[in-house]
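Asker: Can you read through this structure? Questions will come right after.
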Amino acid sequence: MRLEKGMKIKDTLKIMCPGTQLREGLENILRAKTGGLIVIGDNKEVMDTVDGGFTLNSDYSPSYVYELAKMDGAIVISEDLKKIVCANAQLIPDPSIITHETGTRHRTAHRIAKQTNNIVIAISQRRNIITVYKGDIKYVLRDSSVILARANQAIQTLEKYVSVLERVINNLNLLEFQDLTTLFDVVTAIQRTEMVMRIVEEINMYILELGNEGRLISMQLNELVKHIERDGILLIRDYCKEDFEYNEVYEQIQKLSAAELLDLDAIARLLGHTGDPLVDTLISAKGYRILGKVPRIPSTVIENLIKEFRELNSVIEADLDELDIVEGIGEARAKAIKDGLKRIREQILLNKKI
């Protein structure tokens, strides 16, 4: 599984992406060029900063928010976004809280967000932008057309990276069946997989921001990267040293900086191959990835096969009787494994994706 990065901002964006009632209200204020200051949450910390205004406790509606924003004061909305608690309120945050914002509205929003850890939205009257604050986080909501253009550009980049990854994996598949895999081939495949997954993360952020307008991008993304992460994890499992936990190795690879990811030796070290020459070190796959592509073979049987034979090549060379004695494998399943591996090999030789 991917490490969860920027969860605070992701959770915040979910409640105000296009298609939501809150976003509709924000867009109305933006178009009216009135500006506005909205606080999400009516807990004690927030209400202690509120001075004046009038209490409403009215049901939330985008048109109500738009009308109330015509007044100078802030609007406080309940945590569940169902009630407008009060309007035209003056917010008085702790003046000692440091902020580098310049406008009065944005300085107040930043301080309130830091002081209460609630979501505060400042809508600029002159610059016509929506800025979201939560704790120390500041995020400027972009127009859907801008995000859509960037998302489409990212999808095009992803297509090229996936194409390169497929070539690298096809080459690795061929070498695995010939038992000629080098450490260089393995770390290159892992590097390329991680590069693809980082672009996927970026596109997922765009999809989150686009809300219901990001459906087509989401469909394209799912089609492009169906099993890439799963195969990448199995690749790490195939080649990391016995005493290494493959999920921990995957987490460490995700934590590599962009510059470190370009260093193949750094990836090799994480797999447990410190100081080994990449091109000259022959390395055999355990077989989790390839055996996982054989139809109707449970993961427990794959585990038993690898425990018995240690390497993929030994499984490939084993005859039916040798396969039959492995726990969980009868005559029918032994034949299915042999036939499945034969079909996979033929597909690889025809340079087809498996």
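Please read every residue number as a count from 1 along the shown chain.
Keep in mind that glycine also has a Cβ here, set from the backbone N, Cα and C atoms.
Pulled the feature table from Swiss-Prot, pasting it below:
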DOMAIN    6-144  domain 'DAC'
BINDING   GLY73, LEU91, THR104, ARG105, HIS106, ARG107, THR108  ATP binding site
Asker: Enumerate same-chain residues with a sequence separation of six or more from THR104 (ATP binding site) and a Cβ-Cβ distance below 8 A; give 'none' if the list is empty.
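Answerer: THR104 (ATP binding site) has no long-range Cβ partners.
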Asker: Suppose we draw a 10 Å sphere around the Cβ of ARG105 (ATP binding site). How many other Cβ atoms does it contain, all chains included?
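Answerer: There are 19 such Cβ atoms around ARG105 (ATP binding site).
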Asker: According to DSSP, does GLY73 (ATP binding site) sit in a helix, a strand, or coil?
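Answerer: DSSP assigns GLY73 (ATP binding site) to coil.
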Asker: With ATP as the bound species and GLY73, LEU91, THR104, ARG105, HIS106, ARG107, THR108 as its recorded binding residues, calculate the greatest Cα-Cα distance and give it in Å as a whole number.
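Answerer: Greatest Cα separation within the listed binding residues comes to 14 Å.
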Asker: Quick one, of the binding-site residues GLY73, HIS106, ARG107, THR108, which Cβ has the fewest other Cβ within 10 Å?
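Answerer: Relative to the other binding-site residues in GLY73, HIS106, ARG107, THR108, ARG107 has the fewest Cβ atoms within 10 Å.
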Asker: Far apart in sequence but close in space: which same-chain residues, 6 or more away, have a Cβ under 8 Å from LEU91 (ATP binding site)?
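Answerer: Those within reach of LEU91 (ATP binding site), by Cβ under 8 Å and sequence separation of 6 or more, are LEU37, VAL39, THR49, VAL50, ASP51, ALA74, THR108, ILE112.
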Asker: According to DSSP, which of helix, strand or coil covers LEU91 (ATP binding site)?
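Answerer: It is in a strand.
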Asker: Taking the center of the Cβ atoms of GLY73, LEU91, THR104, ARG105, HIS106, ARG107, THR108 at the recorded ATP site, which other residues in this chain have a Cβ no more than 8 Å from that point?
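Answerer: Sorted by sequence, the hits are LEU37, ALA74, GLY103, ALA109, ALA122.
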